[in-house]
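See below for the structure under consideration.
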Amino acid sequence: MERAAGCPAVGGSYPQKNAEILSSQYGINLFLAGLLLTFAWAVHAVGISKSHLLSYLITLMLIQLLWMLWYLCRSCTQRRLIRDKDTHAGARWLKCGITLFAVITLVLDSFKIGYYIDFSNCLSPTEGIFPVAHAVHTILQVYFLWCHAKDVIQSFKTLERFGVIHSVFTNLLLWTNGVLAESKHQLNEHKERLITLGFGNITIVLDDHAPQCNCTTTTLCSIFSQGIYYLYPFNIEYHILASTMLYVLWKNIGRKVEHHQQNKTPFKFHGITVGMIFGLMVLTSTIAIVVVYLIQIGGSKIKSELALTMFYLHAIFVLALMCTAGIVALLIYRLEDRSLDNSKNPARKLDAELLVGTAAGSWLLSWGSILAIICAQGHPKYTWYNLPYSVLVIIEKYIQNLFIIESIHREQEKVNDDIKTLRIVTISRGSTLSLTPLYKEIYNGRAARDSGDIPCLFKGSICARENDGAGVAKEETSQDHSLVMHSASDFSFSSRNSATNSKRRILKNIAAFLFLCNLSLWIPPAFGCRPEYDNGLEEIVFGFEPWIIVVNLAMPFSIFYRMHSAASLFEVNCKT
């Protein structure tokens, strides 16, 4: 009988688990098919053109649009129903960030439309349809994430799993397409720069997918073609952020949410002046370094070597500062005795996994550079700066990951309201509750003398008791002793509170500094400042094609790591 009674519960959960497995397999196959199609176009496979790839992506986007419209319509018809929400998912600052990237993505789509119009004589219609479909997809998806990123879906769960996972892998494929297009552009520029560095033994064959016809307006074509590649980094970040938010939505389907009040943690500039100043100094200097690097690299051998040396010295200094800040933050955590929050949280779990997973990309590049420096027979002077740079990249990410993961798992400090406000409740003879004026007045004896009420404060907690006329003198004596004891404990609490506030201020400044530093280190690789390409030593040791494959695979993860770290550090600053 007990087994029979338990069967419905098991049977009820089994179909949902089965739907989760089926939907994940559907998404993976969808992604692999698109990935293979993308690879076939990249290597100029016979019978595969760009129009085939774009047709596949357009179809995926249209299916996602239909699903989002169905979900939005169903939500409007059921808007009066109370829905479960995951308070940790879809933070407002994350929505603002994805909106910013989406706006720049729309500018990119408009550039692509203009590019298609100028080369319409020799481009397939899919290259004109794709940016239009992508713009509509971007607008509706951002609206969907703003309104429903926190939803915990409890109805039509099987259907919704397939819809959400389809959206996740559609964004991943769009991300892959953007990464490939941007990487091919960077690779062509890199091949041209190698000649100036003296690596003439490397075969230079440009991978060109340019249209085979003349542009109708030369000036506009140049603006569109160059502008597209400067906007791709924002498009890449947009799609990877969208896919992570949708993945959290997928993990929350059918989840039982604990109903508790989530404390709002707004961002405040107060108290982080030092961290912001140093962070802005790093950001400003990094932008200047990138501008000089892009101007100097490829000009001549001397200029290219100076640009690489300048980049390495600046990066070594910044990474050393970041390592020091991270170590100080971890030491402060070791001095604090605060428990970790181990409750189930898909958004937090995903953040930690993405930090470690994407850090592996830059670790791979760093170990490749270290091995190349050790094994190379000849070493130009600028290549020696690559060794401390690569070592510091590994150490800095290791320390920063520890700091961020521990920060997002630490429970927020709960302040004792009784001690903080020091409100004293008294009961008069008529058993009526009242609040005394101020605890300082009680210490001076005025409150008891003026009102005739006798407050009772016992070991920091508020208590009240009725006093009869016969015990007034004894109660006053006992109360005086209690107030003296409370005064001492209040002084001790104030000292502890002052020390805690100092630690929090230091941690907030460290988080703000690391936030701006990660934004600074995101800029160089995102906008073409990539010494892994331009150094040249790795290509000699590993071979040109193998090393370029490694860089093209690892670099997108390294770029995403910096943006994701910046987002996580922003959250850490708000929570601290």
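Backbone N, Cα and C define each Cβ position, glycine as well.
These come from TrEMBL:
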- 26-47: transmembrane segment (TRANSMEM)
- 53-72: transmembrane segment (TRANSMEM)
- 93-117: transmembrane segment (TRANSMEM)
- 129-146: transmembrane segment (TRANSMEM)
- 158-176: transmembrane segment (TRANSMEM)
- 229-250: transmembrane segment (TRANSMEM)
- 271-295: transmembrane segment (TRANSMEM)
- 311-333: transmembrane segment (TRANSMEM)
- 354-374: transmembrane segment (TRANSMEM)
- 386-405: transmembrane segment (TRANSMEM)
- 506-528: transmembrane segment (TRANSMEM)
- 540-561: transmembrane segment (TRANSMEM)
Establish whether the number of Cβ pairs under 8 Å between the transmembrane segment (354-374) and the transmembrane segment (386-405) reaches at least three, counting only pairs separated by 6 or more residues. yes
Going through 93-117, 158-176, 229-250, 311-333 one by one, which has the most CB pairs that fall under 8 Å from the transmembrane segment (129-146)? 93-117
Under 8 Å Cβ-Cβ from the transmembrane segment (229-250), and at least six residues away from its ends along the same chain, one finds 23, 86, 89-90, 94, 97-98, 100-102, 104-105, 107-108, 111, 138, 141, 145, 148-149, 151, 153, 161, 164-165, 167-169, 171-172, 174-175, 178-179, 181-182, 185, 346-347, 350, 354, 526-527, 556, 559-560, 563
Taking a Cβ cut-off under 8 Å, which residues six or more beyond the ends of the transmembrane segment (540-561) line up next to it in the same chain? 175, 179, 183, 187, 190, 199, 202-203, 233, 236-237, 240, 354-355, 357-362, 364-365, 368, 371-372, 375-376, 397, 522, 525-526, 530, 532-533
Selected stretch (most C-beta pairs under 8 A with the transmembrane segment (53-72)) from 26-47, 158-176, 271-295, 311-333, 506-528: 158-176
Cβ pairs under 8 Å only, please: of the recorded stretches 158-176, 271-295, 311-333, which one is richest in them relative to the transmembrane segment (506-528)? 271-295
Remote residues contacting the transmembrane segment (271-295) - C-beta distance under 8 A, at least 6 residues beyond either end: 307, 310-311, 314, 318, 321, 505, 508-517, 519-521, 523-524, 527-529, 573
